[in-house]
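Listed in TrEMBL for this protein:
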- 1-371: domain 'Major facilitator superfamily (MFS) profile' (DOMAIN)
- 24-45: transmembrane segment (TRANSMEM)
- 57-76: transmembrane segment (TRANSMEM)
- 82-104: transmembrane segment (TRANSMEM)
- 111-132: transmembrane segment (TRANSMEM)
- 144-164: transmembrane segment (TRANSMEM)
- 191-216: transmembrane segment (TRANSMEM)
- 222-242: transmembrane segment (TRANSMEM)
- 254-272: transmembrane segment (TRANSMEM)
- 284-305: transmembrane segment (TRANSMEM)
- 317-339: transmembrane segment (TRANSMEM)
- 345-364: transmembrane segment (TRANSMEM)
Amino acid sequence: MTLLLPFLPLYVEQLGVHEPAAIVQWSGIAYGATFFTAALTAPLWGRLADRYGRKLMLIRASLGMTIVMSLMGIAHDVWQLVALRLAVGLLGGYASGSTVLVATQTPKARCGWALGLLSSGIMAGNIAGPLIGGWLPSLIGIRATFQVAGAAIGLTFLATVFLIKRDRPAAAGRGAADKPGWAALPDRRPVAAMLVTGALLMLANMSIEPIITVYVAQLVPAHQVTLVAGLVMSGAALGSILSASRLGRLADRIGHWNVIVGCLAASAVLLIPQAFVTAGWQLIALRFAMGIALGGLLPCVASVIRHAAPPSVAGTLLGYSTSSQYAGQVLGPLAGGYFGGHYGMRSTFFGTAAIMALGALGNAMMRARVARSGGAGTRPAAAE
């Protein structure tokens, strides 16, 4: 799904938009359209997964994305492209659906490790996508690249149909089947805290998006700016790939909420020196280290929700978690751009660090309150 990032502005230009400002605007609209509809529909698909089975939702998502991605290659104008990007968010959701499947089918004692492994795979795809998207169009053209992407998702559809075992929806207790997600929760505090935490994770990752190129330009020669900026952005993802399953396994042993507090605090600390770097390699190293810290958050967030939610509504609540993460992806660049534009680029790092520190403090306080009532995620998974 990230494959189109390198060539999206070029495709917008091919579709008849020629003014540079308009190309940037339409590229942003086309890219953000998917997140908009995905954020709105994620809880719905999660609830349908609870009712009809998670595998069925994965089949729906992969088939829908196969069709829509292929159609993007034959779009005639930018409006059609935006409509198809909206459809991707509406019909897609394979990554979030797979999170629901893994979270609900894995034993609770191994949930953090399994979700960490899945998170590593998703982030690896997010890194590989732009690399392939920057190379493939020069060989076969942009339109054919969409067809190749559609074919790749089609293989995912076939693998889902034939390789994933059919899951059965969880049986709800008497009276629970008619309750929406929130009403079915015995304690809403853990889930509410995880929704905020998921948004904070994405905010921290995306806050430097508006300033990264300009900031890097102050550190390296002009001919190295794009390369170093790319390494800075991918450094955090690479760190998360390496740490996600390990931190997930650690969380299974010592408690998911304990790892969440530690990861948020470490991220806050690592953001501060990023404002004082004097060379590109220093920023790359610090983003990589921050990625290692952030890698434990998504698996632990999903695990806490999994432990707190009855099986009959787990998909619905994990869908809300996905929506909150999309919100963080939107708020991150907005916050980074605001701080950078009004108070200088270094303030972006300070502001994000303060937000992450408040997140760590809030989670620590909530963990203590929930622990007193024997709530989810505060103890090792095997003990729950």
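Every residue, even glycine, has its Cβ placed from backbone N, Cα and C.
Keep in mind that TrEMBL annotations are predicted by a computer and have not been checked by a curator.
Within its own chain, the transmembrane segment (254-272) has Cβ neighbours under 8 Å at 112, 190, 197, 200, 204, 247, 286, 289-290, 293-297, 300-301, 303-304, 307, 349-350, 352-354, 356-357, 359-360, 363-364, 367, 370, 377-381, counting only residues six or more beyond its boundaries. Comparing 24-45, 82-104, 111-132, 191-216 for CB pairs under 8 angstroms to the transmembrane segment (144-164), the maximum falls on 82-104.
Over the domain 'Major facilitator superfamily (MFS) profile' (1-371), the average per-residue pLDDT in this prediction is 86. Distant neighbours of the transmembrane segment (111-132): 1-3, 5-6, 95, 98-99, 102-103, 234, 237-238, 240-242, 244-252, 256, 259, 295-296, 298-300, 302-303, 306-307, 381; these residues of the same chain sit at least 6 beyond its ends, with a Cβ under 8 Å from one of its Cβ atoms. Sequence-distant contacts of the transmembrane segment (345-364) (same chain, six or more residues past either end, CB-CB distance under 8 Å): 193, 196-197, 200, 203-204, 207-208, 211, 214-215, 257, 260-261, 264-265, 267-269, 271-272, 274-276, 335-336, 339. Within the chain carrying the transmembrane segment (191-216), a Cβ under 8 angstroms from the stretch's Cβ atoms is held by residues 185, 225-226, 228-229, 232-233, 236, 260, 264, 267, 271, 280, 283, 290, 294, 297-298, 301, 304-305, 308-309, 317, 320-321, 324-329, 331-333, 335-337, 339-340, 345, 348-349, 351-352, 355-356, 359, 362-363, 366, all 6 or more beyond its ends. Residues 1, 5, 8-9, 12, 17, 57, 60-61, 78, 81-82, 85-90, 92-93, 96-97, 181, 315-316, 319-320, 322-323, 326-327, 329-330 of the same chain lie 6 or more positions beyond the ends of the transmembrane segment (24-45) yet place their CB under 8 Å from a CB of it.
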